[in-house]
Ligand code: MN3
């Protein structure tokens with residue numbers, strides 16, 4: 001088995017002005033493609049061929065750093081494209097997710113504030129996350145290509161804070177990117193779908 005690059009689920013210009021066509025062309029066609037190409041090479045002979053991507057991420061963590069970096073980023077980006085949609089964002093979450101955000105995270109405003117702080121506070125490259133762990137929602141951040149899978153959680157929403165995700169559109173203003181992303185692009189229906197599956 002080898003990794004394959006998924007198509008974007010929308011047109012390259014569909015997320016403008018919050019994320020430009022140019023950013024998506026570089027981010028999807030160059031950066032994600034590189035994780036797919038390099039990850040596929042490193043998977044060969046690793047002993048993890050034939051496993052699911054989730055298992056490859058978990059089992060390479062701490063053992064095969066090169067494969068982990070690429071497999072982790074492949075997993076993260078497959079979801080990242082689906083975590084966005086045109087006319088996304090907004091304050092109205094699907095019902096089950098809203099109830100869990102209220103009980104576990106202190107409501108929408110507190111969740112938004114904590115999620116943006118996690119993304120803004122990640123020093124250097126990495127991701128901010130909403131994940132489901134031990135029966136509860138939690139907000140965390142990870143460096144580089146790491147994700148909640150390797151910490152016993154299920155990722156429900158993640159935002160890429162590597163500079164390649166925002167530098168063309170926002171230059172160094174990561175907080176502006178995070179606010180625009182959260183308020184205008186998040187596909188909450190996909191987050192709910194992952195939450196339903198994780199909390200069964
Ligand atoms: Mn990226």
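Even glycines carry a Cβ here, placed using N, Cα and C.
With DSSP states grouped into helix (H, G, I), strand (E, B) and coil, the domain 'Manganese/iron superoxide dismutase N-terminal' (2-84) comes out at 49 helix, 1 strand, 33 coil. Positions annotated as domain 'Manganese/iron superoxide dismutase N-terminal' by TrEMBL: 2-84.
Under DSSP, residue 160 (Mn(2+) binding site) is assigned to a strand (E or B) in the three-state scheme. Positions annotated as Mn(2+) binding site by TrEMBL: 27, 77, 160, 164.
Look at TrEMBL and you will find 95-193 tagged as domain 'Manganese/iron superoxide dismutase C-terminal'. Broken down by DSSP into helix, strand and coil, the domain 'Manganese/iron superoxide dismutase C-terminal' (95-193) contains 53 helix, 24 strand, 22 coil.
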Practice problem: Go through 27, 164, our binding-site residues, and report the one whose Cβ sees the most other Cβ atoms within 10 Å. | Solution: 27
Practice problem: Write out the long-range same-chain contacts of residue 160 (Mn(2+) binding site), meaning residues 6 or more apart in sequence whose Cβ is under 8 Å from its Cβ. | Solution: 27, 76, 77, 80, 127
Self-check item: For the Mn(2+) site built from 27, 77, 160, 164, further residues of that chain with CB within 8 A of the site's CB center
Solution: 28, 31, 32, 80, 162, 165
